[in-house]
Amino acid sequence: MMILKELYIMINDFFTHPMRIFFLLLSIFCVLSSFIFFTNLDFITIHKTLFIGVIPCVAYCGFLLTAFPDWTKFNKNLKPHTIILFCILNLAFLSAFFNPFWANLFVAFAWTYIFILSTFMAIQGKNSDQLSIHLLLFLFAVFSFLYAFSTDEKYLHLEIFLHFIGIFIISFRISIVLGKEALVQGGDEISVFIPNLIYKNLAIIMIYVYIICVLADFDKKTLGFILLGIGSATLAKLAELHYQILLKRYFILVYYFLQLTLGTCFIWLGISYLFELTSSADALHIITISGIFGAIYMVINIAGLRHSGFNGLKFDLDIKFGFICIFVGSICRAVFGQFSIVFLLYIPAILLATAFIIYGFKFYHIFKTTKFSEDPD
C-alpha cells in the first residue's frame, strides 16, 4: 500500500510539473524510435514522423509548459492540459508505426493545443513579448496539418527549418543564463553577458525568407544563397563567446559547438544547392541530429537541473558523454554513411539511444528525489 501511495505521489508530481513527465517521455520515445532501424518496418517513413514531428513536439510541450507560466505569471493548475497533451502525443507515437497519417494528425492537434494554451496564458497575463513563439507554434500546427493531409515532404522539410527558428529563439534566452553562470563560475560577478540580438534576428528572418521561397517554388540556387546567409549570420554570432572566461566552461563549449555546427552545415547545404551537389542530405542530417537533438539535449539538461534545486550549472561526465554520442552519431550518419549501412543507420541509432538512456535514468532519479523549484533567475 505504501508503494502505491509513493507511486501516486510521484506520478502526480510529474504531471503537476509538465517538464518532468514530458522530458522523461521524450527520452523513452527517442530510445524506442532509435531501434526501428533494426526492424523490418518502414523505418524511412516512420523515423521522419517520429524524429521531426512527434519527439520535438514532446520537447516543446515540456519546455513551454514550464516557461510560459513563468513568463506570463500564469499560476493556474496545468495538470489537465498536461494529461491531454500526454495522451495526444502517446497516440501520435503509437500511430506512427501503423498509420503515419494519424500520427501526423495527432502531432498537428498537439501543436494546435499548445498554441492555443500559450496564447491564452499570454492574453491573460497581458504579455506581448512572446509573439515570436506564438507564430512559431502556429506554423508548426499549419505545416503538420498540411503534411498529414497532403503527404508532401516539402512541409516536413519546412518543419525542420521551423525547429531551427525555435533553436535560435530559445538558445538566445538560454545563452543569457549560460553566460551569467560562466562569469560567476569564473569569479566575475560584476560583468554581464549580453548575446548579440542582431545576428539572431537576422538568421531568423532569413529562415522565414527561405520558408517563403520554398513555398513559392523558388529554384535551388536562390535557396542556396539564402542558406549561405543563414549560415553566415549563425557563425557571426559565435564572436559573442570569444572570451577565455566563457570558453573554459563545458556548457559554453557545448553551446558554441552547437552553433558552429549549425552555421557550418547551413553553408554546406547552401553550397550543395548552388552547385547541385549530392551531399545536401548529409548536411541536413548533421544539423537535424546535432542541431535539433543536440539543442533539445542541452535544454532538457539545463532546465532539468535548474528546476530541481541545483545551485550552479554543471554537466556530469555521463551527460558530457551523452553530448558526444549525439555529435558523433551525426558525423557517422553524414560522413561515413556512404561506406556502410552500419555507419548510416545502426551506429547513429545506438549512439542517440545511449544519450537519452543516460538522460532518462539520471533525471528519473533526480525528479523522483527532489522537489520542483522555480527558475532561480
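Each residue, glycine too, has its Cβ placed from N, Cα and C.
Beyond the ends of the transmembrane segment (21-38), by six or more residues, the same chain brings 14-15, 46-47, 50-51, 54-55, 58-59, 61-62, 65, 82, 85-86, 89-90, 93, 97, 293, 296, 300, 303-304, 345-346, 349-350, 352-353, 355-357, 359-360, 363-364, 367 to within a C-beta distance below 8 angstroms of the stretch. Marked as transmembrane segment by TrEMBL: 21-38 (among others).
Summarising the annotation, TrEMBL assigns transmembrane segment to 50-68 (among others). Long-range contacts of the transmembrane segment (50-68) within the same chain: residues 17-23, 25-26, 29-30, 33, 36, 74, 78, 81-82, 85, 89, 92-93, 96, 103-104, 107, 110-111, 114, 117-118, 121-122, 130, 133, 137, 140, 144, 147, 156, 159-160, 163, 166, 170, 288, 292-293, 296, 299-300, 303, 307, each at least 6 residues beyond the stretch ends and with a Cβ under 8 Å from a Cβ of the stretch.
Taking Cβ pairs closer than 8 Å, the transmembrane segment (80-99) reaches residues 15-16, 18, 21-22, 25, 29, 32, 36, 41, 46, 49-50, 53-54, 57-58, 61, 65, 106-107, 109-110, 113-114, 117 in its own chain, all 6 or more past its ends. The feature transmembrane segment is assigned by TrEMBL to 80-99 (among others).
TrEMBL lists 105-124 (among others) with the feature transmembrane segment. Counting residues 6+ beyond its ends, the transmembrane segment (105-124) has Cβ neighbours under 8 Å at 49, 53-54, 57, 60-61, 64-65, 68-69, 72, 74, 81, 84-85, 88-89, 91-92, 95, 130, 133-134, 137-138, 140-141, 144-145, 148 in the same chain.
Residues or ranges marked as transmembrane segment in TrEMBL: 131-149 (among others).
Look at TrEMBL and you will find 155-176 (among others) tagged as transmembrane segment.
Long-range Cβ contacts of the transmembrane segment (197-218) within its own chain (Cβ-Cβ under 8 Å, at least 6 residues beyond either end) map to 132, 139, 154, 157-158, 161-162, 164-165, 168-169, 172, 226-227, 229-230, 233-234, 236-237. TrEMBL lists 197-218 (among others) with the feature transmembrane segment.
Counting same-chain residues at least six beyond the ends of the transmembrane segment (224-243), those with a Cβ under 8 angstroms from any Cβ of the stretch are 175, 193, 195-196, 199-200, 202-203, 206-207, 209-210, 213, 252, 255-256, 259-260, 262-274. Per TrEMBL, transmembrane segment is recorded for 224-243 (among others).
Residues or ranges marked as transmembrane segment by TrEMBL: 250-271 (among others).
The feature transmembrane segment is assigned by TrEMBL to 283-305 (among others).
Marked as transmembrane segment by TrEMBL: 317-336 (among others). Residues 250, 254, 257, 261, 282-283, 285-286, 288-290, 293-294, 297-298, 301, 343-345, 347-352, 354-356, 358-359, 362 of the same chain lie 6 or more positions beyond the ends of the transmembrane segment (317-336) yet place their CB under 8 Å from a CB of it.
Per TrEMBL, transmembrane segment is recorded for 342-361 (among others).
The list of residues near the transmembrane segment (131-149) in space but at least 6 beyond its ends in sequence, with Cβ under 8 angstroms from a Cβ of it, reads 53, 57, 60, 64, 101, 104-105, 107-108, 111-112, 114-115, 118-119, 122, 155-156, 158-159, 162, 165-166, 169, 204, 211.
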